[in-house]
Amino acid sequence: MTQRLQLTPPAAPLPLGTGAPTPGIALAGDPAEAASRFGLESPLPDGFVEILGATGVEVDVTPAVLAEHSRDWWPIGLVWATEGQVPALAGAVARPTDVDGVVAVVRACATHGVALTVTGGRSGVLGASVPLLGGVALDMCGLAGISAVDATSGIVSVLPGTFGDVFEDDLRRSHHLTVGHWPQSMALSTVGGWVACRGAGQYSTRYGKIEDLVVGLDVVLADGTLIHTGGAPRAAHGPDLTQLFVGSEGTLGIIVGVHLRARPLPPAEGRAAYSFTTFDAALAAMRRTVQRGATPAVLRLYDATEADRGFGTGDVALLLALDEGDPAIVAATLGVLDEEAIEQGATAADVALVERWMQRRNNVAELEDLVGKGFVVDTMEISAPWSVLGDLARNVVEALQGVDGTLVASTHQSHSYLDGGCLYFTFAGGVEPAERTAYHARAWEVATRTVLEGGGSLSHHHGVGIGRAPFMDQALGGGFAVLQAIKSALDPTGLLNPGGLGLGPVPRETDVAPTGDARG
Ligand SMILES: Cc1cc2nc3c(=O)[nH]c(=O)nc-3n(C[C@H](O)[C@H](O)[C@H](O)COP(=O)(O)OP(=O)(O)OC[C@H]3O[C@@H](n4cnc5c(N)ncnc54)[C@H](O)[C@@H]3O)c2cc1C
C-alpha cells in the first residue's frame, strides 16, 4: 500500500526529555581535569566572579561544571571528549532567570572586557556555543516557559531557554496549538537556539523553517540595551531587523524573547512511500510536486545507500511523505505527489516505512555509540537550487568517498522548497585514533569546497559555529565584509560569542593549545 489517509488527529508524537542540556558523550577522565583543546582563553580579571555574583545572578565556577558547559555536540568535539578535552573552557557560568539578569551580566562583562558566550541546550553540531576565548558562558535555560498566547492571531510568545519538547507539549495541551517545528534534536535544543541557528524542523516543507515562523524578537545588545523587533505582519518599515538576529548565533545580541506563528492542531494526517530507480527521478517528482503548490510536511528522499541501511529496501532511492492539516488539503497534496511520483516511474513502497521513520526520528543514541567505538561520524547539510541538486548529491558523496579513511558516505534530501532543497550528507571514517581530527578536517574541506563550487550554500540549518567559520569568506563573498561591519556597529569590542560565524579569531580544528593542556 503506497498511501494512508487518516482523518483523525495525529497522535502527539512526544516522549518528553528532561528540559535540560544533554551532553553528547561522556568526558573521559575526571571532568574537573578536562583540558582546553584550542587554549585561546584569557583568565578572568581579579575579583570578577564576585562582581558577577553581586548582580544577583547565579554564578558557578566549579571546574566540572565549567568543562560540561564548554562543549556541545560538535562531532569532532565528541571525539576530543573521549580524550578528556573540550574545545575551550569558560571561566564562569552565569544563570540568569529573567531579562534584568541577562542585562546585568552583559553590563558586567562589557565594563570589565570579559568575553560572553550565549548557551542554550548546547546541542549545536559546530561548536557555536563554545566559549572560544573563555570568559562567561551565559546559560539561557533559566528563562523558560510560554509567556503569552494570542489565540486569535495565532502568535505564541516563549522564553528562549524553553526546550522544544516541553514547549510543544505545553502549547498542545494548554492551548491546542502547534508551531510545527520538529528538529530531530527536539528534546536537546531550546527555542532561542532554533532562532539563533536558523534551524529547520522535519515538517518544514509545510510549516517553513524557523525564519518563516518568527514574527518578532526581544534582544539584549552588547551594551545591555533591550530592543524589540517585528510584531506586525509584513511590515514595510525598512529592512527586517528580526531576520538580522535569526541565524546570528549569539554574535549580534542575546535573544530574550521569541514570538512565533502557531496554528490549530491538525485534524488529519496522511502518509505515502515510493521507490525510484534513480535519485534524480525522485528529485524531479519532488520538485514538480512543490512547484504545483503541494507542500507535504515531510518529503524525505534517501539515496540507495541510506535507504538500504535504514529501511532494508535494496538498490533503490526511497521517498517518504507525510502531511497533516485540513483533510481536503492533505488528500489533495498526497494526490499531487502520487501523480508526479507515478509520472517519474516510481513504484509503491510499503507505507509502514513512514511509521518506522517516525519511531526512530528523534533517536540520537547511534552517534554516541559509534564515536565511543573510535569512528569519526558527521553530517553536513546544505541547500541548493533544484537545477544543481542532483549533481551536488553525486559529487559531494564521491568527494567524501575519495577521502582516505572514509568507510561510507551517503545523502538524503530532507526539505523541499519552490526553488530547491536541502541535501543532508552523512559520512563515517575509520582511521588511527591520532588521525581522527586530521581526517575530519580533510573530509569537511573537500566536501565544503565541492558544495560551494557547485552552487550550494554553506549551511541549511546547522549554522556555522566555529567548525564552518573558515569558509564564511568564500561562502558570503563581499557580503562577509557587510556582516563584519554590522558586528562592529553592534558589538565594537567583540564581546559576544568571539569567533562565531567567523567574526573574531578563527581556529582550524587541527590547531591545538601550545602546551597541549590549557585550563582556562
Ligand atoms: C542529534 C542532533 C540532531 C539535530 N537535528 C537538528 C534538526 O533536525 N534541525 C536543526 O535545525 N538542528 C538540528 N540539530 C542542531 C541543533 O540542535 C540546533 O542547531 C539547535 O537549534 C541548537 O539549539 P540549542 O538550544 O541547543 O543551542 P546551543 O547549541 O546552546 O547554541 C547554538 C548557538 O545559538 C546561540 N544561542 C543559543 N541560545 C541563544 C539565545 N537565547 N540568544 C542568542 N544566541 C543563542 C549560541 O550562542 C550558539 O551560537 C541537531 C543536533 C543534534 C545533536
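Each residue's number is its place along the chain shown, starting with 1.
Backbone N, Cα and C atoms are what each Cβ position is placed from, and that goes for glycine too.
Curation does not apply to TrEMBL; its annotations are automatic.
So that you can see what the record holds, here are the features copied from TrEMBL:
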- TYR424: active site, proton donor/acceptor (ACT_SITE)
- GLU249, GLY250, THR251, LEU252, GLY253, ILE254, ILE255: FAD binding site (BINDING)
- 497-520: region 'Disordered' (REGION)
- ARG300: site 'Important for enzyme activity' (SITE)
Environment of GLU249, GLY250, THR251, LEU252, GLY253, ILE254, ILE255, the listed FAD site - residues of the same chain whose CB lies within 8 A of the CB centroid: VAL118, ALA196, VAL219, PHE245, SER248, LEU496, ASN497
Residue with minimal Cβ packing [other Cβ atoms within 10 Å] among the binding-site residues LEU252, ILE254, ILE255: LEU252
Spatially closest candidate among GLY250, LEU252, GLY253, ILE254, the listed binding-site residues, to TYR424 (active site, proton donor/acceptor) (Cα to Cα): GLY250
Distance, ARG300 (site 'Important for enzyme activity') to THR251 (FAD binding site) (CA atoms, angstrom): 32
Candidates near ligand 1 among the binding-site residues THR251, ILE254, ILE255, judged by a Cβ under 6 angstroms: ILE254, ILE255
Nonlocal residues around GLY250 (FAD binding site), in sequence order (Cβ under 8 Å, 6 or more apart): THR117, VAL118, ALA128, SER129, ALA196, LEU496, ASN497, GLY500
Reduced DSSP assignment, ILE255 (FAD binding site): strand
Inter-residue Cα distance where the pair is ARG300 (site 'Important for enzyme activity') and ILE255 (FAD binding site), in Å: 31
Shortest C-alpha distance to ARG300 (site 'Important for enzyme activity') - which of the binding-site residues GLU249, GLY253, ILE254: GLU249
Cβ packing number for THR251 (FAD binding site), 10 Å threshold: 29
